[in-house]
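Chemist: Input: one structure, supplied below.
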Amino acid sequence: MCFIRLLNSVERCVDEALEGIVCSNGGLVLLKGHRVVLRSDLELLKGKVALLSGGGSGHEPAHAGYVGRGMLSGAVAGSVFASPPPGSILAAIMTLWQSGVSGVLLLVKNYTGDRLNFGLAAEQARAQGVSVDMVIVADDCAFTQPSKAGRRGLCGTVFIHKLAGALAEEGCALDVIVAQLTKAKKSVGTLGVSLSPCSVPGCLPSFQLPPGDMELGLGIHGEPGIKRSKMASADEVVKTMIDHMTDPSSQSHLPLKSGDTVILCVNNLGALSSLEMAVVSRAAINCLSGRGVVVARVMSGSFMSSLEMAGVSLTLMRVDEEILRLFDAKTTAPAWPNLSSVILSGRTMYVEPAERPAASETKPNQGPLSLVIRPVLESVCKVLLQRQEELNALDRAAGDGDCGSTHALAANAIQDWMQTSTVPGNPCLLLTALARLVEEKMGGSSGALYSLFLTAAAPKLRESWSGADWAKALQAGTEAMKRYGGAEPGDRTMLDALCPAVEELMKLLTAPGDHMAVLQAAVEKAELGAESTRDLTAKAGRASYIASERLTKPDPGAVAVAAIFRAVFEALGGKSH
């Protein structure tokens, strides 16, 4: 199996990624000769505690993305899924120490390689007179009876970064920060679920997961989880995760009871879509709120990933007002989100939409056209329903083949409306009502275009309803379609029938005469315009993506417009074909 990655070189991918992070963030620099990202303003750390973290690459944005004022002072990167070498860790410690800091605190995920390499560097630095300490984060809730190695360090580490950064920025002493973090990390728990494996660049996946299966408790390096099962809904998966994380029978559970306040992190392990992440976030908030747990803050996105793994982890941290204050403290770290400081549980999600203003106080059945409008509408609906299959057949050349069905939706909606409502005899009210109807019932681009047309036309008929007024109304509607739809006559759209017809009707402004004769001429122009689309190249709409040699029949939208003009003409007493 071939795994395609957008890289230049497997060997150089980590270095190039670090260079990319630094060159796109002015507050970061690289330590020459090492895979170490540092704050560019180390002089501001003088007299304060510096914070250093790191680990294997492949978990981006961790950890370099959390370097910045109010979070980490530096981050050391190893190769993909490999602990950073002690030499680079020591170089970072010494660089920070020489900038005048009061101490260096190492924040380390609980993996053997990380503990050993950071520990060795710490001892070497201590031997050189550096005031250095280390906090190990072990937040994994997967295993009910953890091995001697202990719980793994996962996305909860990012919470510890944030709290440590706020404390250090406030000038707290090294021992005070260590004591605070040692207490805080006991209130953090994380559990992941994977829908696919991941693979180190240049290597095959370390395990296989059959399609349709998921694995609960998988590690961020692809380490085995605790259980495989068939995929379930987002709500069910999230409930399973939170149930397991808070199960009192598990030695690694996070104690959580009704009334507790938490911060929630919904962490994308790599390949979930933003849509899926939002659904999972909703499920997690609802699940916690249903247990009486107050959700104070929510982070949703990629915070500690696992290359291209499709999966998600949930991190919960019990908090009080002081922890929330530290959590909300400002930071310049590029990967830290700009979070709301509002308690999210119990918040009203919805606001009422603005009411549409009443069209007029005129009674619906008042107006000069009360006895004329109904038969005209009935004629239009009848024609559109009769020609539904013809329009669909014409539209199939452009792909979806639903033009007739879409117009039939509008026709049926208008028929239902005429049976249950009083049809306005006032033209302005009529067009406004029809605009709302096709917007809601017709759907798609056609519904939007017709609604635009009718909405723009209606105001022109507010005060008077002469033939010239109708011509100006139709012109206003046509201009709105052109302005918002982006098409012009000649683009093989409904405008190729509509524009010549409206142009003919505009003659009523300069030479009022036999209205029916002008309307008949407009109908004929619409039909000729629709027929002319056989020879046009589509430049707008979905048909513009179809090869021109496949488009040999008239445009269905133009044919529909011509049919509507013909139906109106005949309903008003004009001669049929």
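Every residue gets a Cβ built from N, Cα and C, even glycine.
Bear in mind that TrEMBL entries carry predicted annotations, made automatically and left uncurated.
Remember, it's a predicted structure, so these values are computed and weren't measured experimentally.
As listed in TrEMBL for this protein:
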DOMAIN    9-336  domain 'DhaK'
BINDING   Gly56, Ser57, Gly58, His59, Lys109, Asp114  substrate binding site
ACT_SITE  His221  active site, tele-hemiaminal-histidine intermediate
DOMAIN    371-570  domain 'DhaL'
Chemist: For the recorded substrate site, whose residues are Gly56, Ser57, Gly58, His59, Lys109, Asp114, find every other residue on that chain with a C-beta no more than 8 angstroms from the centre of their C-beta atoms, and list them by sequence position.
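Modeler: For the substrate site, the extra neighbours are Gly54, Gly55, Ala62, His63, Ala77, Gly78, Phe81, Ala82, Ser83, Ile220, His221.
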Chemist: Taking DSSP three-state, what's Gly56 (substrate binding site) in: helix, strand or coil?
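Modeler: Going by the DSSP assignment, Gly56 (substrate binding site) falls within a strand, counted as strand.
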Chemist: What is the interatomic distance between the Cα atoms of Gly58 (substrate binding site) and His221 (active site, tele-hemiaminal-histidine intermediate), given in whole Å?
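Modeler: Distance between the two Cα atoms comes out at 9 Å.
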Chemist: In three-state terms from DSSP, label the residue listed as 'active site, tele-hemiaminal-histidine intermediate' for me.
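Modeler: In the DSSP reduction, the residue listed as 'active site, tele-hemiaminal-histidine intermediate' maps to coil.
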Chemist: Round to the nearest Å and give the CA-to-CA distance linking Gly56 (substrate binding site) with the residue listed as 'active site, tele-hemiaminal-histidine intermediate'.
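Modeler: Distance between the two Cα atoms comes out at 9 Å.
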Chemist: Starting from each candidate's C-beta and looking 10 angstroms out, tell me which of the binding-site residues Gly56, Gly58 has the most other C-beta atoms.
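Modeler: Neighbour-count leader: Gly58.
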Chemist: Neighbour count, 10 Å Cβ-Cβ cut-off, for Lys109 (substrate binding site): what number do you get?
Modeler: 30
Chemist: Minimum Cβ neighbour count within 10 Å among the recorded positions Ser57, His59, His221: which residue?
Modeler: His221
Chemist: Could you say whether, by DSSP, Lys109 (substrate binding site) belongs to a helix, a strand or a coil region?
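Modeler: The residue in question, Lys109 (substrate binding site), is strand (DSSP, three-state).
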Chemist: In three-state terms from DSSP, label Asp114 (substrate binding site) for me.
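Modeler: For Asp114 (substrate binding site) - judged by DSSP and reduced to three states - the answer is helix.
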Chemist: Please give the substrate site's span as the largest CA-CA distance among Gly56, Ser57, Gly58, His59, Lys109, Asp114, to the nearest whole angstrom.
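Modeler: The substrate-binding residues span at most 15 Å between Cα atoms.
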Chemist: Which chain-mates of Asp114 (substrate binding site) that are at least 6 residues away have a CB under 8 A from its CB, listed by sequence?
Modeler: Gly54, Gly55, Ser83, Val108, Gly153
Chemist: Cα-Cα separation of Lys109 (substrate binding site) and His221 (active site, tele-hemiaminal-histidine intermediate), in Å?
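Modeler: Answer for this pair: 13 Å between alpha carbons.
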Chemist: Average the pLDDT scores across the domain 'DhaK' (9-336) and report the rounded value.
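Modeler: For the domain 'DhaK' (9-336), the model's average pLDDT rounds to 96.
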Chemist: Roughly how many angstrom lie between the C-alpha atoms of His59 (substrate binding site) and His221 (active site, tele-hemiaminal-histidine intermediate)?
Modeler: 9
